[in-house]
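K.L.:
Okay, here's the structure, questions in a sec.
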């Protein structure tokens with residue numbers, strides 16, 4: 001299995017962690033990446049959604065993340081993906097707590113029934129054996145009740161190779177504090193590598209999570225959207241001041257890469273949410289964000305980004 005203890009990993013985040021962003025984070029020091037959520041039913045009905053599943057060799061090791069409510073469908077969709085794309089892992093998402101997903105009794109909803117989670121993993125592991133692709137899982141502490149040890153044991157018994165634990169319940173979403181000590185307790189019953197996740201906001205938090213939980217890897221989520229340099233900071237053990245010009249260069253490079261798997265107009269529309277994120281914490285950025293994201297077309301958007309680079313001193 002392709003995993004090294006001590007890895008720092010970019011978490012999957014819907015609408016953000018597509019191929020371009022993943023590549024840039026790998027260049028900045030992320031050790032591993034995951035795709036956004038891909039519906040098993042969608043794959044079986046309509047084929048693989050390439051905007052979500054597209055990746056380059058630079059992004060490896062990569063986990064293609066699948067969700068659903070039916071073990072057989074998840075296993076079948078995983079085989080379709082394995083045959084066509086040959087990822088390093090198929091990841092089964094049991095952690096997403098978005099209401100729409102929960103209403104479909106998928107992902108985080110399944111935390112209510114650990115034996116069913118085990119069945120999903122077991123069927124998928126068996127289905128993927130001919131392709132030599134292992135199965136990982138992304139979980140939370142539980143649905144409403146914290147029963148993470150039981151969940152870990154069920155998944156191990158079913159043949160999972162790697163587990164990422166977000167240290168909140170599905171009901172909590174992102175509210176309250178992530179209970180890092182529960183990752184440590186889950187690690188005690190684990191025979192597979194455990195990746196810790198939740199409330200990792202700086203490179204020092206990455207260091208602290210390794211120390212406090214004894215986890216094998218740390219997953220960085222929302223903090224990487226505003227500071228993708230967090231991976232480089234951890235590797236170099238220092239804070240890195242990133243100016244407006246460098247932030248806007250990041251956006252322009254991401255935008256250029258996005259056109260490999262979507263139209264330029266679509267890329268320009270989608271990059272706006274990342275612009276808002278990457279300007280977080282930049283002094284006097286409120287009016288700059290508004291100015292850039294209200295560009296009416298691609299040409300105007302790029303022009304405004306270039307203007308922002310030239311005006312860096314005004315925002316320093």
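From the backbone N, Cα and C atoms, a Cβ is placed for every residue, glycine too.
Since this is a predicted model, take the numbers as computed values, not measurements.
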K.L.:
Given that Swiss-Prot annotates 12, 13, 14, 65, 197, 198, 199, 221, 222 as binding FMN, state which candidate in 122, 129, 138, 289 belongs to that site as well.
P.N.:
138
K.L.:
Which of these recorded positions has the least crowded Cβ, counting other Cβ atoms within 10 Å: 14, 96?
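P.N.:
Result for the recorded positions 14, 96: minimum number of other Cβ atoms within 10 Å at 14.
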K.L.:
Please give the FMN site's span as the largest CA-CA distance among 12, 13, 14, 65, 138, 197, 198, 199, 221, 222, to the nearest whole angstrom.
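P.N.:
Result: 22 Å between the two most distant Cα atoms.
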K.L.:
Based on Cβ atoms within 10 Å, give me the single least packed residue among the binding-site residues 12, 198, 221.
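P.N.:
221, out of the binding-site residues 12, 198, 221, has the fewest neighbouring Cβ atoms within 10 Å.
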K.L.:
Counting across all protein chains present, how many other Cβ atoms fall within 10 Å of the Cβ of residue 138 (FMN binding site)?
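P.N.:
Here the count is 27.
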K.L.:
Between the Cα atoms of residue 96 (active site, proton donor) and residue 138 (FMN binding site), find the distance and write it as a whole number of Å.
P.N.:
9
K.L.:
For residue 12 (FMN binding site), which of the three DSSP-derived states applies: helix, strand, or coil?
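P.N.:
For residue 12 (FMN binding site) - judged by DSSP and reduced to three states - the answer is coil.
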